[in-house]
Amino acid sequence: MTDRREEIKECLKAIEFGVVSTLENGKIKSRAMHFAIDKDFNFYLASLKGDPKVRQLLEKPEINLLLLKGDQGFPAAREVEAVGSAEIVRGDEARNEAFALLEKRSPVVANMKQGGALGMLEVIRVTPSLLKYRVVEEIMRGVGPTVIEFESGSQVAPLRGKIFSLLEEIRAPFLTASIIPVLLGTAIAWARTGNFHFGYFFLALLGGVCLHAGTNIANDYFDHLSGNDEANTEFVRPFSGGSRLIQKGKLAPREVLVESLFFFALGSLIGLFLSWARGWPILSLGLIGVVSGFFYCAPPFKFVHRGFGELLVGLNFGVLMTLGAYFIQTQNFSLEAAVASLPIAILIAAVLYINEFPDFAADKKVGKDTLVVRLGKEIGVNFYVFLMALTYIVLGGSVLFRLISPFALIGFLTLPRALRAMRVARLNFTETLYLVPANADTILTHLFTGGLIIAAYLLQKLVIG
């Protein structure tokens, strides 16, 4: 059996990828994936965080892998079938060991490593309970498969499907786009005036997140109605293509619409209270957010279809939310808060913009004339580079002209990541899969730059007072 095991391992090393099958709502879902194995026959797979198949594996860890080596003709073909249980690999050491195996076999993992974006991947370990090895020549001679039974695989507690569906539908990881400006406006208010009301801050944060979630969900609903999501075959989860829960039958379109309206209603109620408690200018800012968020994809305005999407996203998730958070604390507006918000406004527009590249063909087909569709990919990628560069020009100029805190220069610490994103985008703007590191780095540049500018104001308050 030892020799047979070694033969199976050698066979697996010669197979480039296999078919991975999982259960979703009682239905079998299959896809081709690259894989790696260790000395104990544990299989390793990699997928983007937030990918539907990761959620499926957490809900139903039972998994089947079918791997075929048929490069020497049918009689010499060999097949390996593995049945087991899947789990997410946790811990830096274990992930690094798995990546070391995967990068030699998976172009996706190798490319993500080169782009410094391994943090965007989940590593899945499949612990087999049963392995079958079939050699066609032997089967034709009436010899059955080699069967290896392993000790019971790891137990993975399935999580409730409803929770995963909700998180996936609102795209929770991207809610940092609304959290950053609220934190920034609040930090500037505290640094400059000493005002900080936790209750109002919490309501501002909750209200902003609700409106953001409502916008995400409404976009899914109206992209479904327009046929955009059905036409999109080049999306890369989780960066583009929406949640696709409607397309997968997880949620009915009506349920998605109701969920969107719920978040808009909750965010609006919070906004009305803050307007009453802190001042009616909040009502104006909130109204702009609700109208531009709901009608981002919805008729009759369809702002994103008219090429205004990037501008509205930058305005809402940059300047307006920062000013609103500042006003809630101080009951005044501030030029400094507006100027300090510009780098994150430009970056969040860049996040949306780079994520539109994978959706280019589908958007063009249904008449969703985003800025990328209007410019075309070749000119469009140059505009992306311009946006990223403009972020640091504005940041440096704002400090130079003493419009914002000099401590904000620590935001330049993210420049190497931004440069890497620009380089990857320039090289791979026509290749959806290889553009992923740029998508990831743009998001992280927004997150870290925003976080550093927030830290700058907190530091100034603590150091200077």
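Cβ from N, Cα, C; glycine included.
Feature annotations, courtesy of TrEMBL:
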type	residues	note
DOMAIN	6-130	domain 'Pyridoxamine 5'-phosphate oxidase N-terminal'
TRANSMEM	172-191	transmembrane segment
TRANSMEM	197-218	transmembrane segment
TRANSMEM	256-276	transmembrane segment
TRANSMEM	282-299	transmembrane segment
TRANSMEM	311-329	transmembrane segment
TRANSMEM	335-354	transmembrane segment
TRANSMEM	375-394	transmembrane segment
TRANSMEM	440-459	transmembrane segment
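Across the residues of the domain 'Pyridoxamine 5'-phosphate oxidase N-terminal' (6-130), the predicted structure has a mean pLDDT of 86.
Across the domain 'Pyridoxamine 5'-phosphate oxidase N-terminal' (6-130), DSSP helix (H, G, I), strand (E, B) and coil residues number 38 helix, 53 strand, 34 coil.
Take the transmembrane segment (172-191) and the stretches 256-276, 282-299, 335-354: counting Cβ pairs under 8 Å, 335-354 has the most.
Contact between the transmembrane segment (311-329) and the transmembrane segment (197-218) is supported by 3 or more Cβ pairs under 8 Å, counting only residues 6 or more apart in sequence.
Same-chain residues lying 6+ beyond the ends of the transmembrane segment (256-276) with a Cβ under 8 Å from its Cβ atoms: 166, 169-170, 200, 203-204, 206-211, 213-215, 217-218, 220-221, 224, 245-246, 282-283, 286, 289-290, 293-294, 328. Distant neighbours of the transmembrane segment (282-299): 207, 211-212, 214-215, 218-219, 222-223, 226, 260, 264, 267-268, 271-272, 274-275, 305, 309, 312, 315-316, 320-321, 323-324, 327-328, 368; these residues of the same chain sit at least 6 beyond its ends, with a Cβ under 8 Å from one of its Cβ atoms.
Proximity of distant same-chain residues to the transmembrane segment (440-459), defined by a Cβ-Cβ separation under 8 Å and at least 6 residues beyond the stretch ends, is recorded for 115-117, 119-120, 174, 176-177, 180-181, 183-184, 187-188, 190-191, 239, 340, 343-344, 347-348, 350-351, 354, 388, 391, 395, 405, 407-411, 413-414, 417-418, 420-421, 424.
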